[in-house]
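What TrEMBL records for this protein is below:
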type	residues	note
BINDING	A:64, A:65, A:86, A:190	substrate binding site
DOMAIN	A:24-272	domain 'Aspartate/glutamate/uridylate kinase'
SITE	A:29	site 'Transition state stabilizer'
SITE	A:253	site 'Transition state stabilizer'
């Protein structure tokens, strides 16, 4: 255990980072393992509270995790698939919203408040924060032609009204946002949480977008944990995708980052949410804990 | 259909009421039939939006309605009863919260925004708006002695932190509050929506508390719809209870009113939510549509 | 008489209009019959108060009416005419100002306050609101040449200093402006009330200019009351003048409107002040009660 | 003519006075000779503008002067008298208001603006600044009994709503108030200008009330101009009245002062308005130019 | 060296303390060894900057140290002594002020700014922050009588005008105050830095006064470093002085603390400035590093 | 001695100037004889206080005067000279700073406060107000080549952070700035006071820069005091230097002025500080007391 003097030393080491990020807005996409494991959960949210107290403006956008699937199963709601994609019908959307907004979001809010911050939960429906259009899925037919297929209440974000988030930040609250958008006729739409976080970061003119994932970051060699690319520029991305270094679920995450950068966000980070306090490590140490995607 | 001139006349008739309530805070307990019937729903929320536009500060606290029961049934969750009371165990609470916060609250918010207001949904967990202690049920034993019985996660409001509601009102939003409180250890607690509305009205120093019910108000003679008592003073209440004129489910509602009055709320109203636009009628006409309980 | 329910319905019908004009500045030129008939007077000013309470920012510019002439007559002041125009000498100006500022303006202010608004009267001399240059009249000589003729203290508005009006609006007052401008050496100048209203609308960056007149609006066929042109664009105006559809006293009113539109005012309206509550009808119903002149 | 250096010296001498009155509200009753003589007029209003620029908050309440009488004569309006008092019937009131508000007030406003200040004229009707009750005259009957006699639209100030004056002061304007009050039913009432100034000083919580008169102040010996009492305390007043040292028109002025002092005004001054720049002399020199009435 | 994970853990451990002191004003008397040793100097001021960044409002009052004596020696200024006390004549005061304000204060300011805070130096003369009366020394004559002896420009603080400090705090600066007061006729007066810190803490309504000393705190047994009294109440003080546990230079320091407590300061601390980062240890750990004097 | 009436007249004469400069920022370089002679000192600072009270925003930058040399002599510090220039080594800088910041600045602050203003002293180190780079002296070698020579801690202003000055002005204080800048590593650097005043005027976007000197201004014929050039344009300057009309110590002062003008300062003035109240004369009379350098 470090001595009191060592502890003081560590606080002092954090000072340049605290200074650097003072007053900056940081949008955190919170998902994956870090939302399931109790200890990681507490660590992530403690980091967010600490960020708030040392002068940053953290905004949390959370994903859904396995709980939606669990609840659908319990209710015996079967999912239809079109071209491999789950169709979000009205009943599925209703359950997804209940779990996202009524359970996960409130759990996060309650935990933050318990740790010592003051969180307020929002969905994209509150104050029309996230407005979506219906998103059609482009399916490739056997003859090579493409066809737009209806996959239900899945939305594409068309407009962000960040006023309510600005108000909450200005008054000292930590906003926690569930990825449910409002669409035509007041319907709820399911939106991808990474995309929602990126769009919100742009609308808030955020300094940083941090996406918590279940991988180390972008590895030059997938089999070698030590081959982490700590920085990747937007220009590198197409080549890295071509080389297969960025692939699978990492592709949309990186695209979120480039989108956010093009929208004016300062820097974007894909970090390893399985490491406790990865947020603090990313912000308060030089090494970082993942890959920074930058201009 | 009224002529344009008659329409103008009616708007003009509303002026003294608009003037009278300009800038006043009104807490509306929204529940019962008015939350189930689509047309009534739209009417109530339109009234709230109109109140906002003509300068009032409406705050909506909603109840749960039959949807919680429906969802519990669908999930096959059986309820235990102690002394005739349903025990709110952790699983029941979780479902109740999901339905209240993740469904009903968001439906209301979406509907208000669709009508033209700008609503933000809150639960008692957000910014620790409603803090509760565990409520024990006092059960009378056969020998006449009383015993405190654990009925699970049912809460008694200990503290209201209305800062977040004040912030939202100041910035032009309509706050919509779900009656879920936060208790010891960050647990969620079920609280009575009438009581929550009353406590919030007191904490906000509101001018009016309006409780929407499924009855005409307090009737001197239950069988005679024309025997409505349009005004009842706090002093009358004990006598009216003794005489059985106030009884059953009306007793706790009237107690909410007297509590609110004692806490400084200006006037309290128990009105008939089955009448379309009962809120507007209550506020913009002299006759009113229910019983006012007053000092 | 409409039932309470019908009344509620009418209030609700007004909501989209209330929403649409929330926070908008509306300059109202108040004159003609509506300033003479007691009932119309009360109706117009009630409309203005109602507009204020539902979130608009009405500003009233009034004309002089027959009272100036009456007072001149009582004082035996004879008017000189040049080329058919009354010359405003110093004595005439003094009497005109007394009647406009000291009588008509204060009557309007008093009536508004009695109805429930809070009005403050201004002239163009207060805080140099309206600054004028001397206006010469161009008279055509028998030989066809033009000559500039001195017609006394008649002014052309050179500058508007709307700061005082902004201050009053921001603090919740209804400004009521008498058309007297200040000129060189602190002299008072008579200015046309329609022109003053237009210039003020431009300086305030108003959303609407509404001119109350004693006709139905612009009629395609003067003899047919049903031939009202409900909308006329600026481009139509020259042709309509050429065709004699816009003529006489309507020409300067329409020119005021085009001036205001060119200066950035949103829309302009020439309405029938003889219809009670024509302001409300114009703003809160789709049909309107006159002619809108628009871009 | 003083040398530049002497001029500098004089500015410097003013510094302690400037400092002393920085930010202080001073109500000036402007009337008498100083309102008639052109040179004095300019001197008084220049003083007020200078006071504003060096950080004071002057508020001017003006009287009517001989112009009302002149206009009544021109219009051939005969006055009725009851017990030696002129009855203010509706016609007389209308003329008085026109002259006070439409002529005198605007002249003062124009002159101030010409000198370099920014004045806004008000009457007691604007924003209900001065609210009056009908004042009855107590007439003593031959048998010694008293009788209340109706003398028309003469008002007694019941309520002052100084909000509009506060707004104007805060925004840098010089308010100029005509002594016309609003009474029951929106009627105009004539109020005494000295009394209006005193009541306004109390409502504004002013530091100073200065009444410009046509005498030197209070003289111990009326025949000796050198017998000026430069300070009189409220306690002295009854004795001085009894001794006839304060008498005639000075009595109500002194009563205004004592009223103002009892209402919390800091000091009150009765000064000689016939001396050019008497305001500056009163405020920026030690000798003063009249009598200070003080606690 | 602690691992990144340990570092994160330490930051997290600090959170409850950060939360506890968020927004609190802390006056730090900075003197002794911690002002001489370069490493300690940097540590103390780094702590102050860190306190600022995590939301506290530190205010530093520094002492003079041996530099004044050094400069007096270099200038060959001899000191006169009366009853064992050095007399502060005008020349001595001038030199003391130059060293305190022109050297020590600017060194502290420069160092803070170099570390990353934004400091502004003040003396008690700036904006009349500290106003003093001449302090006479009470000397006991051989016959037991007491005599007040003039010891020159030594001052007793009569008045604190903390406006300038409030302004600087509100705008994000760290105020650094040199213990020179202003007295009669604008003269500079030497005031004791501990006393100045205490008086400033009272005037600022500070939550904490921390006095850095060159001892461990108050020891129950002077010879035993382990006998530190970590808390002493105001009530204990007289007894502890009587017992000789508080004696010598500690007496006036403890008296400063009791004075501050009586003036409303929350808690006061006498800590060991020789320990690096003693401020951080005091604030961010439970053990503390000295003696807390409390109500 | 002028009569009271003449006094009033003089105050009134000042009104147009007071109006003209209301709210304007004026940077005053205070140095030379006016800093040595007690009477002039008081006159200059009284002028500054008066400027503040009549609505200007004076900022004072003072020079060092002979006191630095005196203190160096007393301490027996010998000066090294390179190419005729005194080298500012660390010891010299320390003494210079002590005298500038710890003595001269505080004397000015004390005197202003005694006169009735509220001054706060600053150095360039406070809030990093003045940031300097080391300035090398260009020495011409015998062979005509130039060589950069180290003359110690002499700085060239690289950056001005005027935030602290803005804060003080906004809150009603008079900032008094000592010409000591902060350089690399937190070192103090000596900067020319004229240059500092000019740079600060630019950074504050000042309306006026006034440099107090010990000459009449720019004389067309040095031997003729009556040949004062009251206005010189920037375009004239090169020619006037060539003609030897601007020469010696006047060259850098004029260059300061042109620099300030190029940086956006409204007008610049070189005035005779030996004339009592020369500031007031410059600002409040038409003739002025020196040379205005203008665009």
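Yeah, the Cβs are placed from backbone N, Cα and C, and that goes for glycine too.
In terms of burial and nearby residues, how do these features look in this structure?
Note: residue A:86 (substrate binding site) has non-local neighbours A:79, A:80, A:92, A:151, i.e. same-chain residues 6+ apart with C-beta under 8 A of its own C-beta.
Within 10 Å of the C-beta atom of residue A:29 (site 'Transition state stabilizer') sit 30 other C-beta atoms, taking all shown protein chains into account. Mapped onto three states, the DSSP output places residue A:29 (site 'Transition state stabilizer') in strand.
Mapped onto three states, the DSSP output places residue A:253 (site 'Transition state stabilizer') in helix.
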Can you count the other CB atoms that lie within 10 A of the CB of residue A:64 (substrate binding site)?
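I count 19 other Cβ atoms within 10 Å of it.
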Give me the non-local Cβ neighbours of residue A:190 (substrate binding site): same chain, 6+ apart in sequence, Cβ-Cβ under 8 Å, ordered along the sequence.
A:88, A:93, A:96, A:153, A:154, A:155, A:179, A:180, A:181
How big is the gap, in Å, between the Cα of residue A:253 (site 'Transition state stabilizer') and that of residue A:29 (site 'Transition state stabilizer'), rounded to a whole number?
10
If you measure residue A:64 (substrate binding site) to residue A:29 (site 'Transition state stabilizer') at Cα, how many Å is it?
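It is 11 Å, counting Cα to Cα.
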